[in-house]
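Let me begin by presenting the structure, written as structure tokens, before commenting on it.
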Amino acid sequence: MLSRRRLLVLGGLTGGVALAPFVQSGDTRNAQPQHGPMHGRMHGAAHDHAGRVPAVRSGPAVTPFSVRMPVPATRIPSVQTADTDIYRMSVQPATAQILPGLSTPVLTYGGAFCGPTIRARRNRRTLITFDNKLGHETNVHLHGGRVAAVHDGYPTEVIAPGSGRAYLYPNAQPGATLWYHDHAHHLEAENVYRGLHGFYLIDDEDERRLGLPSGGYDVPIMLRDALFDDAGNLVFDPADPYNRPTLLANGKPQPYFEVAARKYRLRLLNGSTHRVFELTLDGARMTQIATDAGLLPAPVPVDRLVLSSGERADIVVDFGQAPLGGHVTLNDVAGPVLRFDVVRRAADRSRVPAQLRPMSPMPTAVQDRKLVLSLDPVNIRALINDRVFDPARVDMQVRRGTTEIWEVTNSDTNVGGSGFGVPHNFHTHLSHFLLLSRDGKPPLPGEGGWKDTVLIQPGETVRLQVDIGSHLGRYVYHCHMLEHSALGMMGQMEIVN
Ligand SMILES: [Cu+2]
């Protein structure tokens, strides 16, 4: 097998860092910064990195479970009208205490690393004005939201520095764990990496009646990775997204979280721009109750949860299964992520009903499409159907209110002749989908609900039935490994009557 160093040399021969952004391996020294389209437009982000990226990349070591995991604060609306919650939030640089004893410059919503949580109610509107105080462009996408095109955070519809923009979210969709994040074209990977991400939860009366754990026992947890230098600065190297060894839960490295000996609903989000989390729980069982777009038809016991960038899974864990004073650890394949410390008893009248949400039958699909995701290491581009994203080009016209079958293939089994495959994933704006099969085989039970993001392994084909939705206009779909969408692995559909 080719070593990482060898690949970087190959990359050098084929034009700059060609292979470096794309191939996962261990040794990361001598990685060159990338001079792709991203960097032509980075001006004034907290750190750019002209010149060579520092060779030492591990940052200060943190003892696992030595810091407490916070729960992101829920934002209170500044105004509430009869049908709308109104917020105003700045998008601003700030300093966060992520690693013990060090300050980290970050980009934030409202000054908070992870961002404040917005709690919306189904069929009650949310209006948020974001004021861009960053010094460079940004915009906001509600990931998983079914919103009008003008409010979707189209990649080229950005908020200029010093300006504000209001986004209207109708919340006319079932309860779900959504999130909001930057989507400015070419900048999204770095902006999200540096902290422009937050939870957006839709509460739903139908869901409340089920009696699932709620209130303080309903905890959003954003998992992500990061690379720090020795001074505690975040290092963003799009040429090497796999070298981000520090695992964060709600913005803290491998923290602990004190829980009561009862059931909790944990809303897990992979807020990384690239990493795939493969999660197991040591000491208690996981019951998955929801995926990206809300509740599954029925709860599913899971031993292992795979979440690619942007995916969500809500699980119920009964910490009463552990002894008082005991621990339950959430692990990734790369190491422990978060330890739950069972510290007290508590009453528990919550339950997990055998049926959660009936799946309504979908209308027969009216169209079949094939999409192929691939990297172009020679030209440092990322493609869908051999084309790089062009906001002036409509890649498909689709009909409002219909469903379609999309077969999406990751053709990257051997990037640039390296012998290495690269995973991708696929995210649709506006439209939610059902995963019908992976390489012709049925999906895992936890993938059986409405989704908006799906992992596609090298060489794999996923078959999706896409519910286009009821809005008109242009929406993008893309690989949610944001270093790839920033290089063009994105297309757009136009929804017509
Ligand atoms: Cu990708």
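Each residue, glycine too, has its Cβ placed from N, Cα and C.
Taken residue by residue, the domain 'Plastocyanin-like' (91-206) breaks down under DSSP into 11 helix, 50 strand, 55 coil. If you look up TrEMBL, you'll see 91-206 (among others) marked as domain 'Plastocyanin-like'.
Applying DSSP to the domain 'Plastocyanin-like' (261-322) sorts its residues as follows: 3 helix, 40 strand, 19 coil. Feature annotation from TrEMBL assigns domain 'Plastocyanin-like' to 261-322 (among others).
According to TrEMBL, the feature domain 'Plastocyanin-like' maps to 381-495 (among others). On the 0 to 100 pLDDT scale, the model's mean across the domain 'Plastocyanin-like' (381-495) is 97.
Residues or ranges marked as region 'Disordered' in TrEMBL: 24-45.
The signal peptide feature in TrEMBL is assigned to 1-20.
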Residues in the domain 'Plastocyanin-like' (381-495) grouped by DSSP into helix, strand and remaining coil: 10 helix, 54 strand, 51 coil
